[in-house]
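Worksheet for the structure shown next.
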Amino acid sequence: MDISIFLMVFLLFCVSLFLIFFVSCVKLSFFFVEWDFLSFKISVYFNSIMFSLILLLVTISVLVFSTYYLSGELNFNYYYFMLLVFVGSMFSLIFSSGCFSMLVSWDLLGISSFFLVLFYNNWDSCSGAMNTVLTNRLGDFFLFVFFSSTIFSSYYFLSLSFFCWLSSLMLLLASFTKSAQFPFSGWLPKAMSAPTPISSLVHSSTLVTAGLVLIMNFSEMILNKDVIMIIMVVGVFTMFFSSMAALVEEDLKKVVALSTLSQMGFSMLTVGIGLSFVSFIHLLSHALFKSCLFMQVGYLIHCSLGQQDGRNYSNLGNVPYFIQLQLLVTLFCLCGLVFSSGAVSKDYILEFFFSNFFMVVFACMFFFSVFLTFGYSYRLWKGFFMSFSRPVFCFSSSVVMNFLSLLLVLFSIFFIWWMNFNMLCMPCLFLYVDFFVPLFFVVMIMVVGFLCVKLLLKEFVYKFLVDFFAKGWVYGLKNYKFFDLFLGGINSLGVTFFSFTGFWSNSYMKSLYFNSVVIVLVLFFFLVWGCILSLKYALCKRMILAL
């Protein structure tokens with residue numbers, strides 16, 4: 001692969017960082033063509049720069065990941081070219097501010113996704129590609145009607161109220177088809193027949209986010225009670241049905257895809273309640289940890305000889321510990337646990353939602369949809385590491401593939417928090433001090449105490465009464481083979497002494513006990529960190545109130 005492409009992408013990444021720090025408060029526009037019937041210009045402002053920075057980071061990771069995941073494919077040059085077209089069309093959609101450039105970028109995004117899903121050229125990929133392109137072409141039609149009705153009503157001064165309502169409806173339908181909202185959600189699980197690097201890019205920061213980016217660019221046009229109600233209802237239905245489907249789905253990639261669909265519904269609901277900027281921040285954090293999650297699942301599929309059925313995965317204790325830790329951290333971010341990047345936007349959205357008055361059925365569906373996020377995340381983790389059969393598993397010899405998503409994991413944990421401290425104005429910090437910290441302390445103390453008493457006590461009772469007492473003392477007193485037991489103990493001790501390191505490293509994560517110990521240690525770390533941060537912000541709040 002040509003190294004100049006990586007250098008070009010890295011240069012764009014550095015330029016995006018420069019623009020964030022020095023022109024974050026300025027909106028720049030560059031005009032290339034300006035005629036009466038055709039205008040081509042790009043706009044550079046804070047949202048487009050931030051999204052392009054995250055897209056560049058994810059694209060670099062996907063490019064490197066593709067060189068290892070698809071190293072033996074014959075059509076790799078075709079894949080690489082279509083991937084660059086796909087990413088370039090998303091960049092063009094982000095920075096475009098004219099009808100012509102936006103339509104061209106929108107069409108290129110759907111067409112390139114068709115060729116990428118069609119990469120493996122089998123029955124599943126052909127069916128998924130056709131489903132994807134037909135649904136996206138329907139969205140292209142809605143977007144064309146939206147721009148046409150807007151221009152027509154502005155030129156001929158017809159019934160503006162009717163045309164504004166029609167334009168808003170076409171805008172919603174176009175964004176619903178591209179972001180796979182209800183009832184246009186069928187193409188997203190079928191698009192999982194594409195290679196896993198493409199799934200990582202599509203479900204993090206490109207195709208499914210394009211509809212939300214479009215509706216955020218025209219957020220002033222949806223300030224209508226009926227339009228907002230449609231957005232909220234569609235977002236809640238998408239969350240609920242995708243979360244329920246993720247609980248019963250067995251295909252690993254489809255489970256992660258349905259979790260993406262649930263988060264897109266969550267972001268659409270956030271736009272509906274009037275928090276467009278908060279929804280944008282949630283998209284940024286989701287792009288980071290979801291691309292990392294897809295890479296880790298793709299690594300496990302690649303090492304398991306392409307096996308995607310979750311029922312055939314279990315007891316993957318031989319997976320490198322760093323991959324297991326990354327998978328756990330990304331699932332924490334997906335659930336929006338405290339002091340992760342997902343919590344920066346998710347907790348504020350939940351607080352804002354439950355501080356308003358909605359219908360009981362509507363609020364219950366939203367609550368259960370959020371709660372089911374923990375359900376399918378735990379099911380995914382349990383299916384990997386907490387069962388008792390053994391799959392065929394081949395390790396990757398590449399260190400780069402094992403540690404590729406490290407940068408995405410670090411950004412998933414610290415980047416949004418750093419932005420919230422330095423650049424954003426999201427009042428989510430005081431939520432922890434006023435409400436979440438006491439509740440967090442109580443819940444964490446109860447959970448840690450229950451796990452320690454339940455697991456450690458059961459382990460001690462089993463090891464002492466069942467294993468050690470029955471096999472050692474009772475066997476020796478009954479058969480009086482003290483000398484044989486003594487020699488056998490010496491032999492066993494010697495073998496254990498020489499093979500302890502290898503045996504421990506291979507069997508560390510195979511049992512429920514050790515998994516529970518690791519989870520308890522991670523939760524204890526979060527507890528200590530929460531105590532320190534809560535004390536710090538409590539002091540800051542008292543100083544602010546005193547002033």
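A Cβ is built for glycine as well, from the same backbone N, Cα and C atoms used for every other residue.
Source: prediction; values computed, not measured.
These features come from Swiss-Prot:
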TRANSMEM  3-23  transmembrane segment
TRANSMEM  45-65  transmembrane segment
TRANSMEM  80-100  transmembrane segment
TRANSMEM  101-121  transmembrane segment
TRANSMEM  132-152  transmembrane segment
TRANSMEM  227-247  transmembrane segment
TRANSMEM  264-284  transmembrane segment
TRANSMEM  319-339  transmembrane segment
TRANSMEM  352-372  transmembrane segment
TRANSMEM  399-419  transmembrane segment
TRANSMEM  430-450  transmembrane segment
TRANSMEM  512-532  transmembrane segment
Of 80-100, 132-152, 352-372, whichever stretch has the most CB pairs under 8 A to the transmembrane segment (45-65): 80-100
Long-range neighbours of the transmembrane segment (227-247), counting only residues six or more past its ends (CB under 8 A): 165, 168-169, 172, 176, 180-182, 185, 215, 255, 258-259, 261-262, 264-274, 362, 365-366, 368-370, 372-373, 375-376, 379
Outside the transmembrane segment (352-372), six or more residues from its ends: residues with CB under 8 Å to it: 232-233, 236-237, 239-240, 243-244, 246-247, 262, 265-266, 269, 273, 275, 278
